[in-house]
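Report on one structure; see the data block that follows.
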Amino acid sequence: MAKNKFNQSWLHDHINDPYVKLAQREGYRARAAYKLKEIDEQDKLIKPGQVIVDLGAAPGSWSQYVRNKLAASPRAKDGRIDGAIVAIDILPMEPVADVTFIQGDFREESVFQQLETIVLDATGGGKVDLVLSDMAPNLSGVASADAARMEHIAELAVEFAQAHLKPEGALLIKCFHGSGYSQIVEMFKRHFRVVAPRKPKASRDKSSETFLLGRQLKHPG
C-alpha cells in the first residue's frame, strides 16, 4: 500500500511539474533538458563549432538541447549544425538530427573503441570540447553499494575526459549527495583546475541529484 501511495504521489508531481509541461510544449523528450539549459546559461558551456560527447544520452533531451544550440549558430547552414555531437547509451534512443548515436555499454572495450573511432573522426584526430554525462547506476537502496556504483561511473567519465578532452575543455556529470559524494569531488579536484557543484532549479528539491562541473584539465592525456 505504501508503495502504491508513493507511486501515486510521484505521478501527481510529475503530471503537474512545470518542466514536464514545458518539455512537452517545446518538444524535448524529458525535463532533464532544462537542467542542462540552466547550467549552460550559467557557465557558457556550449559554443558554436564544438565537438561534444553525451554519455548516458537516452532518451535524448540533452542531445536535443545541444543540437538546438549548435544549429542556432550563424555558421550553421542548410539546416545542419555548427559542430558535432556523439551520443552513447546502453538503452536505445530515437534518432536526433545531426547526432551520431551508439547503443552499447560504455564499459565494454568494443563499444569504447567504437566511441573513440567516431570521436577521432569528428575531431579530425583531435580532442573534444565538452563531455556531458547523465549516466546513473541502478540504485539498490544499499548506501555503500550505490556509492561505489556512482563513483565507478564518475571514474569512467573522468577517464574518458582525461584521454579525449581538450586541456581547456569541460566535463559535466550527474551524481548524488550522500555516501561517496565527497570522494567524487576530490577526484574532480585531482583532475581539474576548476570544480563547481551545480543544482539547477529543474532538479527536484526532494532529489539528492546534483551535478559536478570540472574545467581545465590539470594533466591532459
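Including glycine, each Cβ sits where the backbone N, Cα and C put it.
Sequence-distant contacts of Gly60 (S-adenosyl-L-methionine binding site), defined by Cβ-Cβ distance under 8 angstroms and a gap of at least six in the same chain, are Arg29, Ala30, Ala87, Met93, Glu94, Val96, Val99. Taken from Swiss-Prot, the feature S-adenosyl-L-methionine binding site applies to Gly60, Trp62, Asp89, Asp105, Asp134.
According to Swiss-Prot, the feature active site, proton acceptor maps to Lys174. On its own chain, Lys174 (active site, proton acceptor) has Gly56, Ser133, Asp134, Met135, Ala136, Glu209, Thr210, Phe211 as residues at least 6 apart in sequence with a Cβ closer than 8 Å to its own Cβ.
For the region 'Disordered' (199-221), same-chain residues at least 6 beyond its ends with a Cβ under 8 Å from one of its own Cβ atoms are 13, 19, 31-32, 34-35, 37-39, 43, 45, 127, 154, 158, 161-178, 181, 184-185, 188, 190-193. Residues annotated as region 'Disordered' in Swiss-Prot: 199-221.
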Message: Please identify, from the binding-site residues Asp89, Asp105, Asp134, the residue with the sparsest Cβ neighbourhood, meaning fewest other Cβ atoms within 10 angstroms.
response: Asp105
Residues Gly60, Trp62, Asp89, Asp105, Asp134 binding S-adenosyl-L-methionine per the record - widest CA separation, whole Å: 19
- line: Going by C-beta under 8 A and a gap of 6 or more residues, the same-chain neighbours of Trp62 (S-adenosyl-L-methionine binding site) are Ala32, Ala33, Leu36, Asp54, Leu132, Asp134
Query: Mind checking how the region 'Disordered' (199-221) divides into helix, strand and coil residues in DSSP?
result: 0 helix, 9 strand, 14 coil
